[in-house]
Ligand SMILES: O=C(O)CCC(=O)C(=O)O
Ligand SMILES: [Fe+2]
């Protein structure tokens with residue numbers, strides 16, 4: 001009896017959520033990190049839509065669950081029954097001739113039980129780790145085979161040492177079973193289906209107890225062979241056979257399960273995806289570990305578990321010996337023990353049923369179900385054995401009710417504690433208490449006191465009564481916490497939907513703390529307000545300037561932890577749109593809506609807010625239709641967006657023109673586009689119509705498709721291109737590299753997040769010591785293209801270790817690095833280019849080019865999606881190598897008005913710089929591709945200059961494209977010069 005469910009340390013069903021969640025977040029190009037489930041879905045062409053269809057099919061789901069119940073569950077339950085019987089084999093043997101045959105003492109017998117749990121405690125984690133890393137079912141089957149063999153070997157032992165060693169290894173090999181099975185249950189069943197299956201496991205102990213009893217009753221009939229040996233050999237033999245059954249039939253994973261069809265497997269994967277509703281967290285959070293150790297609830301549970309298992313350790317090993325003292329015949333002892341298993345099934349089923357039916361009754365049931373244990377022990381201890389045999393026996397039957405309290409306590413960390421790390425830490429602490437209790441328990445039963453064991457009975461009584469007190473304490477703690485939480489909630493003006501009573505067993509320390517903290521912060525925030533702000537009390541109309549009411553620091557309102565938890569929660573929930581529609585998420589939805597309003601459109605949504613801000617809000621919210629309506633309104637009003645807004649709108653739309661996929665031969669064949677692309681293009685069209693003049697060119701090719709491809713502007717000479725890329729690949733280009741590469745150095749490094757816009761990667765700026773060069777010759781041929789002399793750019797770019805940075809920004813897929821050129825080089829290039837640059841724009845004089853060059857390399861697949869360039873100040877460098885972002889004179893600031901592109905090679909296919917203008921036909925953009933010519937420069941307006949042009953670096957189809965991109969600088973203010 002007794003040693004019921006082994007504690008499922010670390011078996012939180014959420015443990016493998018990392019597994020499925022990974023499958024959810026697959027971005028193109030991450031093929032390496034695809035997990036097996038996702039790979040399976042892809043391999044068999046199961047689309048998300050189809051998965052959803054399957055998930056919605058109630059009948060299919062029902063049939064599937066029944067199949068798992070028939071195919072997988074019996075294997076798990078069978079193992080559990082055997083595990084129980086095998087663990088108990090020693091106590092069955094003890095009833096017969098174990099003591100007499102081996103000469104062991106009762107104290108030594110007590111040690112067998114303890115040794116088992118020492119091994120159990122030590123082996124649990126390594127096994128589970130191995131099982132997770134390898135094939136779980138095979139690890140389990142291997143362990144079952146091994147412990148079966150250990151039982152067989154036990155039969156061959158003849159002294160304490162041998163038996164103790166066997167006991168130890170039995171503990172080692174039984175250790176992984178419960179945890180692994182809980183993981184399997186969470187793999188095959190969704191959460192709502194799990195408690196019932198867990199119930200089946202717990203009952204297996206009772207079933208095991210009955211079968212074990214019957215079995216040893218049968219074996220006990222033998223009189224030609226030592227019965228205790230026969231017990232071990234029978235149990236061992238059956239277990240070994242079962243081990244083979246597991247090897248053959250227990251699936252390692254959903255994907256490798258043989259009895260399930262492809263469709264069933266897809267449905268299983270879908271269900272697993274849906275079941276992972278918890279907060280995903282792979283990282284260990286130290287504050288949660290600390291919190292687990294400081295949380296009285298964890299320690300109360302630990303104490304409860306310890307006491308419970310002390311009882312278990314005693315009853316499981318000595319219960320039968322107590323009956324043995326009652327009747328003299330070992331066979332009768334065994335037979336009389338059998339109903340105890342049935343009682344155990346009754347206790348567990350009734351207790352868990354009550355706890356699930358009566359709201360917030362868990363701690364009450366935990367307390368009540370200790371009463372039969374107290375009564376039963378008292379009966380066994382105090383009743384006169386001669387005259388009240390039945391009463392003693394009845395005491396023995398009912399004593400097992402404490403197991404129900406264990407089953408309920410086991411579920412508490414998972415339901416009551418917030419935070420994954422906190423939960424597994426708490427589980428580990430409680431699991432240790434479980435083992436320690438079982439190690440201590442048997443030692444309360446002193447050999448000298450057999451068969452009454454008064455000390456053992458007193459210990460059991462003491463433990464049960466203390467447990468009751470602990471359960472009451474636990475309940476009080478939870479009630480107090482809920483009360484605190486609700487007060488905190490009320491203080492921050494929340495509407496509490498559940499009363500404190502209803503929430504008793506759902507307490508979450510973190511949430512409570514968060515709420516009371518946030519109430520406190522709310523008070524702080526009030527205190528943080530500028531003194532002159534009038535008190536809000538009694539003032540129903542908010543002050544006109546809402547911003548004045550805002551506290552200055554984020555931390556006044558929320559802590560870093562809260563931000564982190566919120567982020568994780570929202571990220572996890574975002575993966576399951578259908579779940580976010582559930583009733584439980586209602587408040588969250590309202591809060592998120594308000595939050596979005598505040599972030600994106602916020603005050604701007606108010607009546608009369610400016611159009612630009614409303615359009616920005618609509619675009620961020622992906623309300624495409626609304627954005628188009630607002631843009632149309634802007635057009636009617638004749639308003640123009642600010643360049644910053646315009647750049648951001650276009651950048652956020654992140655439109656892929658698709659032109660790179662369209663070889664010239666198919667120039668005018670409309671591309672097939674997805675509905676989403678069409679939508680984005682229609683918004684882009686609307687954006688351009690408020691910012692860029694309509695293209696009225698009579699030569700423009702008309703088209704009904706959203707992008708009308710115009711003829712390529714091709715000035716490439718007919719001569720074969722210089723094989724620049726080839727010389728990079730074979731390194732022959734290095735012949736042109738500077739003789740002293742050490743002259744190139746990094747002068748600045750901007751971390752990715754600080755870049756504007758932020759980037760996944762840092763920006764690294766290189767500088768090259770100036771070299772004396774003769775003054776440049778005057779331009780040879782006046783043309784819109786200007787061949788440049790072999791520039792130091794090529795030397796820097798093509799250095800063997802030239803750090804080409806991969807830019808993680810969504811739309812810039814070219815590799816690039818930054819290079820601040822020296823003034824000599826700048827002056828030379830400026831002298832070459834300035835004759836072709838508008839010398840004055842809006843009265844502002846042209847001053848030079850930005851010395852901060854960006855060098856790009858596009859390989860096939862890389863493109864720079866549709867965008868409008870922003871303006872940059874001229875960067876420079878101080879004599880001590882300090883990088884200066886804006887080096888223009890303070891009293892005569894400069895900013896760029898033209899983009900400057902220098903094509904460094906041209907032996908590639910595709911890779912045009914394509915410009916877009918709104919066509920006469922509404923909904924169509926004319927695309928003008930310019931074919932790069934090596935050594936030539938393209939300049940076009942950007943920033944605040946009139947006519948900032950939408951353009952893209954169209955994808956390269958073959959080869960590699962190298963360019964330098966910088967800006968042409970102008971005075972910010974018009975001058976009278
Ligand atoms: O690569 C191109 O042709 C265009 C590059 C570009 O648009 C930019 O750097 O802003
Ligand atoms: Fe650009």
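Every residue, even glycine, has its Cβ placed from backbone N, Cα and C.
Since this is a predicted model, take the numbers as computed values, not measurements.
Some features that TrEMBL has for this protein:
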COMPBIAS  775-792  compositional bias 'Pro residues'
DOMAIN    848-970  domain 'Fe2OG dioxygenase'
REGION    515-550  region 'Disordered'
REGION    770-800  region 'Disordered'
TRANSMEM  68-85  transmembrane segment
TRANSMEM  109-127  transmembrane segment
TRANSMEM  139-162  transmembrane segment
TRANSMEM  168-190  transmembrane segment
TRANSMEM  199-219  transmembrane segment
TRANSMEM  231-250  transmembrane segment
TRANSMEM  363-381  transmembrane segment
TRANSMEM  393-412  transmembrane segment
TRANSMEM  424-446  transmembrane segment
TRANSMEM  452-478  transmembrane segment
Cβ under 8 Å, sequence separation of at least 6 from the ends of the transmembrane segment (68-85): give me the contacting residues as numbers and ranges.
3, 140, 144, 174, 177, 181, 184-185, 188-189, 197, 200-201, 204-205, 207-209, 211-212, 215, 235, 238-239, 242, 245-246, 249-251, 259
Sequence-remote partners of the transmembrane segment (199-219) [C-beta within less than 8 Å, at least six residues beyond its ends]:
1, 3-5, 73, 76-77, 80-85, 88-89, 92, 95-96, 178, 181, 227, 230-231, 234-235, 331, 334-335, 337-346, 348-349, 352, 403, 407
Within the predicted model, mean pLDDT of the domain 'Fe2OG dioxygenase' (848-970):
90
For the transmembrane segment (452-478), find every same-chain residue at least 6 residues outside the stretch whose CB is under 8 Å from a CB in it, and list them.
296-297, 300-301, 303-304, 307-308, 310-311, 314-315, 318, 321-322, 325, 363-364, 366-367, 370, 373-374, 377-378, 380-381, 385, 399, 402, 405, 416, 441, 444-446, 504-505, 507
Please figure out which one of 231-250, 363-381, 393-412, 424-446 racks up the most CB pairs under 8 Å against the transmembrane segment (109-127).
424-446
Taking residues 6+ outside the transmembrane segment (424-446), which of them lie with a CB under 8 Å of any CB in it?
3, 6-12, 15, 106-107, 109-114, 116-118, 120-121, 124, 288-289, 292-293, 295, 298, 301-303, 305-318, 321, 409, 413-414, 417, 453, 455-456, 459-460
Under 8 Å between C-beta atoms and at least six residues away from its ends: which parts of the chain pack against the transmembrane segment (393-412)?
1-2, 4-5, 7-8, 202, 205, 297, 301, 304-305, 308-309, 311-312, 315, 319, 322-323, 326, 336-337, 339-340, 343-344, 347-348, 350-352, 355, 362, 365-367, 369-373, 375-380, 383, 430, 460, 464, 467, 471, 505
